[in-house]
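To keep things clear, I will list the structure first and then write my remarks on it.
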Amino acid sequence: MPSLSNSDELIFFVNGRKVIEKNADPEVYLLFYLRKILHLTGTKYSCGSGGCGACTVMVSRYDPKTKKIHHYPVTACLVPICSLHGAAVTTVEGVGSIKTRIHPVQERLAKCHGTQCGFCSPGMVMSIYTLLRNHPEPTPEQITEALGGNLCRCTGYRPIVESGKTFCAESTVCQMKGSGKCCMDQEEKSFTSRQEKMCTKLYNEDEFQPFDPTQEPIFPPELIRMAEDPNKRRLTFRGKRTTWITPVKLNDLLELKTSFPEAPIIMGNTAVGPSIKFRDEFHPVFISPLGLQELYFVDSTDDGVTIGAGYSLAQLNDALRFIVSEQPKEKTKTYHALLKHLRTLAGAQIRNMATLGGHVVSRPNYSDLNPILAAGNATINLISKEGKRQIPLDGRFLEKSPEANLKSEETVLSVYIPHSTQWHFVSGLRIAQRQENAFAIVNAGMSVKFEDGTDTIKELQMFYGSVGPTVVSASKTCQQLIGRKWNDQMLSDACRLVLDEIYIPPDAEGGMVEYRRTLIISLLFKFYLKVRRGLNKMDPHKFPDIPEKFVSALEDFPIETPQGIQMFQCVDPHQPPQDPVGHPVMHQSAIKHTTGEAVFVDDMPPISQELFLAVVTSTRAHAKIILIDTSAALALPGVVDVITAEDVPGDNSYQGEIFYAQNEVICVGQIVCTVAADTYAHAKEAAKKVRIVYEDLEPRIITIEQALEHNSFLSAEKKIEQGDVEQAFKYVDQIIEGKVHVEGQEHFYMETQTILAIPQEEDKEMVLHLGTQFQTHVQEYVAAALNIPRNRIACHTKRAGGAFGGKVSKPALLGAVSAVAAKKTGRPIRFILERGDDMLITAGRHPLLGKYKIGFMNNGVIKAADIEYYINGGCSPDESELVMEFMVLRSENAYYIPNFRCRGRPCKTNLPSNTAFRGFGFPQGIVVGEAYITAVASQCDLTPEQVKEINMYKRTGRTAHKQTFNPEPLRRCWEECLEKSSFSARKLAAEEFNKKNYWKKRGLAAVPMKFTVGMPTAFYNQAAALVHIYLDGSVLVSHSGCELGQGLHTKMIQVASRELNIPESYIHLSETNTTTVSNATFTAGSMGADINGKAVQNACQILKARLEPVIRKNPRGTWEVWISEAYKESISLSTTGYFKGYQTNMDWKKGEGNAFPYFVYGASCSEVEVDCLTGAHKLLRTDIFMDAAFSINPAVDIGQIEGAFVQGMGFYTIEELKYSPEGVLYSRGPDDYKIPTVTEIPEEFNVTLVHSQNPIAIYSSKGLGEAGMFLGSSVLFAIYDAVAAARRERGLTKTFTLSSPATPELIRMTCVDQFTDMIPRDDPSTFTPWSIHVS
């Protein structure tokens, strides 16, 4: 082994400043370096795996060959700093800042309301900014593509895309698709008979500063000189444990590969990086030939193209596009297939990092490109010191046969892809949980060569991904079909043969076994049709075309750029211009969000002597703890202490929640102990060394069914009842019974749970900075754990990076865990949960099993309903009882059923405790109601919408829990929704489409909603505020609500501005903390603005009344003068405001009460198209009508509705949590849990705020934070409608259960056909499945 010299200097630039790192460590990633070394905290940590885009930055490199500068986006969490030698990095801070000037990208994202919590905003800015550096006038498609690797959980993406579209050559913000009419045309859009003027502009484009691409920072000339230096030499960077070597000549690379045959070659680090981070791989040496000229080239010849191994997948995409534009179509079939998959492979960042050579050689079993390359007869050009050789990129190579492999000293130089020929067809096929940035569930590359002029098979190749540990070649099947004609008989034999050859065992990793078996032949059928179509186009006389009804099966769903209209009530022209209430005011922190200057907890600078905390969690669902051995962990460098239950000074178990497991564990993911160390890396390393010995205990209860068997519940049954249900069942025409399963949901807030706990020198005080929805709860739990009074504990929340209910109760438990560690060590504790730990420990929405028995007449009138709800509460009480109360109280939704009973109970299981989540039970529970309405419609030969109309509340009446309400706004939302969405006409059009298409079906559904706000317990609805007026006239407002991205602080500033009659610029709102406003209730239940608004209003009115005498004396004075005078007259300029709360009540013994202050009504209509062969669906259009009463801020309210809808749509379709039968959560990051991306949202997305009266609330407004969530179910029922159409055509039963989520798997397997009938099925009693449903 050659002796490695000492470390070289690593030189790169960040935001125009030179960075010289003398001790570059290969194990240090750019994200850590930016945040912790350079203190540039605008770039955020959210997932650590390159899957969310929160850490996106721009990397720029100079290419000495082309003399061009290449800008591309990367995820900083996967970029080792050693790979950046000679590169320039631009972070969000380098784009623009409020301290200097903000960039148009930042300004427009903020002003278009494209930011809510703001945690994903820097990444969004960087993705759009990088696109503009390469394409100053992008197309809308480029904007959508650039954002495909960025997740946002708050906004629903539409405003983000819209902000990007303002840079397009023709601004496409407002052309309504296909209608040719202008959305500003008032006559066309006068949505209500009352003469209300409706507005559609949420921002003013005239305010935007112009974008001038010539004003961007220059690329550092020093880096150009470095790149062109003829005497470049090998660089070596030595870390504590690893060495990174960058060769600059090909011979040097080959030398290194001979010396270190086991060393991985690192280019984009998208394969090795995650293996090191998440699978504990270790490599002592890395070889990184980044920028080695011999690896970057395209060489086109008459018979094909050779592409250098160093080309990124994005560069490969550009190269193939160019070749396709130059060559005749018949030669480019392989390139077309590759391009189709390159569009959806990962996100833009990963496509710009991952290289062709790396992708080919790492041979992931899910690879989208390798099966196509193999089908297209590609070859790999290898090189080593021994010389060059070629190996075929074929089945043996992909299946990792030893004889077809690379030798350890070899490296890939390039990949050769031959042109296709006239009688040669190549296709790529794939289906994933979502269209973009998701590993395929199954993918395939297929090719067939015919004897010229015939349809006789000469060569056939089929390669499948994600059906085994490697990509699999169906070579035996292909061999047996040579010489056969390409006809239906061949197809049915091919299906039989391939199912015999490719066997997926019933307990296979990844599950979905029967679905994947079906996909193997469904994709083959698609290929068969494509080839038949191709042959027909070549010679229509010789080769018959495929049936017209099958044509739509050939195409994947296109990716369209979303657009739509937002309508709201215009502000009364008589309102004073300075009064901001009712205006679409930008979020008060929006600009700071987009510049990265909004400070989140982990952005706070390091505190002297702070320690980092890593958790050790239980690996068993129910077990006795025999031993916790911490000796190996304590021996590691940097480790200060290990904290266990023994170290808790006060209560370790409080209100049923256990801080540190003691004696036994009751779920996988329960915190057993924590490790405090000087760095997070040290803490994490030590946490792996803690040894815990368990002894399993029985019973282990994971599912609701198991809980029912064991009679395991968290609380007593809740029930409401009206009429005589049993009697009513005797007098109905029909009775149906059914079951509905609704699985859970992960919050996936972009900022994971983060806590900074700082012990004070005196009086046992403890200060906590954290993102929470309920500071009082944190204070209470920390006080209990430390055994000190609550007045010693101060909780500060400036903002949370998303919460959605996941930061109501969980931060209290985690706060206690970190406070105990701070108390024991006497040092500040920084506790940041990694995404995987966050998903494991904090759980999410309650899975539900709903049972129903419905009695109805043949005309669709429902006379009796008996509903039972069971939810999976997990291992501790948390919010489960309350969730069940809400579920039962809201169970009737918008329908009046004279004899109605609903009972519900939360089950106790050995899963992490489920908790509050936006909608609080309603999104799960009401699916049951909509399901039985749909079942009744099916039995009566009516549409679901007709049955809804028949049974909907028509006049002022009482709910099942005896609360009086007027359904007039509900009726308006419902009627406008059906009318303005052209529901009937589109339903007919969909039926027409379905008649003409056998394998694609369209479905429409409209759902009405009667949602509630606030709590049935009156004291939970109280709120307080503290308002100070300072002598310069500026005002500081504090209140009891937390800013989670929902714009609460923005609305409070609007309230104070109106009440004090001063401009918003005079008012500041700093943070929420327990020292200024005590005993605050939670910011949840859609009531944040309602109750805090009343408290702020109360405080301002008190102050205004005090100032009245001063103003009367000097009516022409200014605000500043009045304040000065008041002070001189000793008038107090500070006061608290208080709102006693809505006086709600609920008597569960009687099953009645005025449980809620008011109702929020709404309706939504969605249209989908479903691919019956794969189970994929495309959301074409959604119209939402929401009764907002009077909106304090239409931009904020519409943002909440859109964001909640998209979150709901994700919940009902693609978000799927997978658990092992032993209770282990598999879904622990964006790779395994898919929330919607920009490609999932409706192609056309229209939202209208319907005006009504709500005198009980501030300014007659309504709380809209959660209501939109359930409206996402219109997508679920539209899918149901499309699947029902497919089943009708196939002669299947009318009624069927479509549980939630309607994943591609569920959709495909419910669309039963000849392919689902053909697959082998296993007896469930003979194997243990890989994953189970827990509802």
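In case you wondered, yes, glycine gets a Cβ from its N, Cα and C as well.
TrEMBL entries are annotated by machine, without manual review.
Annotated active site, proton acceptor per TrEMBL: Glu1266, in sequence order. The feature [2Fe-2S] cluster 2 binding site is assigned by TrEMBL to Cys117, Cys120, Cys152, Cys154. The feature FAD binding site is assigned by TrEMBL to Ile265, Ile266, Met267, Gly268, Asn269, Thr270, Ala271, Val272, Asp368, Arg430. As annotated by TrEMBL, Mo-molybdopterin binding site applies to Gln773, Phe804, Arg918, Gly1085. The substrate binding site annotation in TrEMBL covers Phe920. TrEMBL lists 237-422 with the feature domain 'FAD-binding PCMH-type'.
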Minimum Cα separation from Ala271 (FAD binding site), reported as the residue among binding-site residues Cys117, Cys120, Phe920 that achieves it: Cys120
Average pLDDT across the domain 'FAD-binding PCMH-type' (237-422), rounded to a whole number: 96
Any further residue of that chain within 8 Å (Cβ to the Cβ centroid of Cys117, Cys120, Cys152, Cys154) of the recorded [2Fe-2S] cluster 2 site: Thr115, Gln116, Gly118, Phe119, Ser121, Arg153, Thr155, Met750, Gly801, Gly802, Gly1045, Gly1203
Neighbourhood of Cys117 ([2Fe-2S] cluster 2 binding site) by C-beta distance under 8 A, where only residues 6 or more apart in the same chain count: Arg153, Cys154, His593, Tyr749, Met750, Glu751, Arg799, Ala800, Gly801, Gly802, Ala803, Leu1044, Gly1045
Protein Cβ atoms within 10 Å of Glu1266 (active site, proton acceptor), excluding its own: 28
Integer Cα-Cα distance in angstrom, Cys120 ([2Fe-2S] cluster 2 binding site) to Gly1085 (Mo-molybdopterin binding site): 24
Proximal residue to Met267 (FAD binding site) among recorded positions Cys152, Gln773, Phe804, Arg918, Glu1266 (C-alpha distance): Cys152
Spatial neighbours of Phe920 (substrate binding site), counting only the recorded positions Cys152, Asn269, Asp368, Gln773, Gly1085, Glu1266 and Cα distances within 10 Å: Gly1085, Glu1266
Site with most surrounding Cβ atoms, counting all protein chains shown within 10 Å, from the binding-site residues Met267, Ala271: Met267
Shell list (Mo-molybdopterin; ref centroid = CB of Gln773, Phe804, Arg918, Gly1085; cutoff 8 A): Ala803, Gly805, Gly806, Val808, Ala916, Phe917, Phe920, Leu1044, Thr1083, Ala1084, Gly1265, Glu1266
Proximal residue to Ile265 (FAD binding site) among recorded positions Cys152, Gln773, Arg918, Glu1266 (C-alpha distance): Cys152
Residue with minimal Cβ packing [other Cβ atoms within 10 Å] among the binding-site residues Phe804, Phe920: Phe920
For Asn269 (FAD binding site), nearby residues of its own chain (Cβ under 8 Å, 6 or more apart in sequence): Leu78, Val79, Pro80, Ser83, Met353
Rounded inter-Cα distance in Å - Gly1085 (Mo-molybdopterin binding site), Cys152 ([2Fe-2S] cluster 2 binding site): 22
Among Cys120, Ile265, the most crowded of the binding-site residues [Cβ within 10 Å]: Cys120
